[in-house]
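Participant: From TrEMBL, here are the annotated features:
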COMPBIAS  1-14  compositional bias 'Basic residues'
DOMAIN    75-204  domain 'Tripartite ATP-independent periplasmic transporters DctQ component'
REGION    1-54  region 'Disordered'
TRANSMEM  63-89  transmembrane segment
TRANSMEM  95-117  transmembrane segment
TRANSMEM  138-159  transmembrane segment
TRANSMEM  179-198  transmembrane segment
Amino acid sequence: MSPRSSRPRSRRSMTRASRARNSCRPTRNDPSRPVPARGRAQRPPHFTGTGPSMMPPDRLTRFFHVIASLAVVVMMLTVVADVVLRFVFNIPVRGAYDVVGFGLLVMVFFGMAPVVARQGEILIDIVDDMLPAAMLGLLKLLASLGTLVFLVFLGWSMFGPAHDAYVYGDRSLELGVPLWTLWAVAFAGLAGTGWAALRRVLGQAADAAHAAEVES
């Protein structure tokens, strides 16, 4: 044995060897690493927010988000201007009541689409830890289907009042805006929300099918 080989290895060489061993270990995101079938902490990758059901919002939902935000700004400025002018000059803003009502309608119906697209609804995890990944994906799919069915029912229930407003020519109190135009805006926002809900249902259906395939 040569004198060089009998010397203890330096700290630098030991560190390099340790790094080499760690680089050979499978990481958490290594595709070659087998994925366990059950357990929430070891759920398949498509339940970590990267599957089809968590696809980013499309241009339509982003556009709806901008419209809803502008409606909030218009409502805020209208209320502030009405209060200031009424208090300082005793000159209220004409039509402020209608403008705030219109803005509220736009904010609600155009603001639902981004929330549905991003799965931003309030969720309560009660049985998530007790269910396998495939069953949890199925429950998410059923919840999204319920959202889509509710939106369809809401649109169907809105059709009657909208038709009456168009036939009888109802108008707003202060500005005299035909109410059927407001119903048309509401239907447009509801259609965008339905589109976002449909995309989510399709994505979660793909997630559930993939989870069932992994567990089988």
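Cβ atoms here come from the backbone N, Cα and C positions, even for glycine.
Tell me about the surroundings of these features in the structure.
Facilitator: Sequence-remote contacts of a segment are chain residues at least 6 beyond its ends whose Cβ falls under 8 Å from one of its Cβ atoms, and for the transmembrane segment (63-89) they are 57, 96, 99-100, 103-104, 106-107, 110-111, 113-114, 189, 192.
Long-range contacts of the transmembrane segment (138-159) within the same chain, counting only residues at least 6 positions beyond its ends with a Cβ under 8 Å from a Cβ of the stretch, are 53, 116, 121, 131, 183, 186-187, 190-191, 193-194, 197-198, 200-201, 204-205, 207-208.
Beyond the ends of the transmembrane segment (179-198), by six or more residues, the same chain brings 57, 60-61, 64, 102, 105-106, 108-110, 112-114, 116-117, 144, 147-148, 151-152, 154-155, 158, 161-162, 165-166, 170-172 to within a C-beta distance below 8 angstroms of the stretch.
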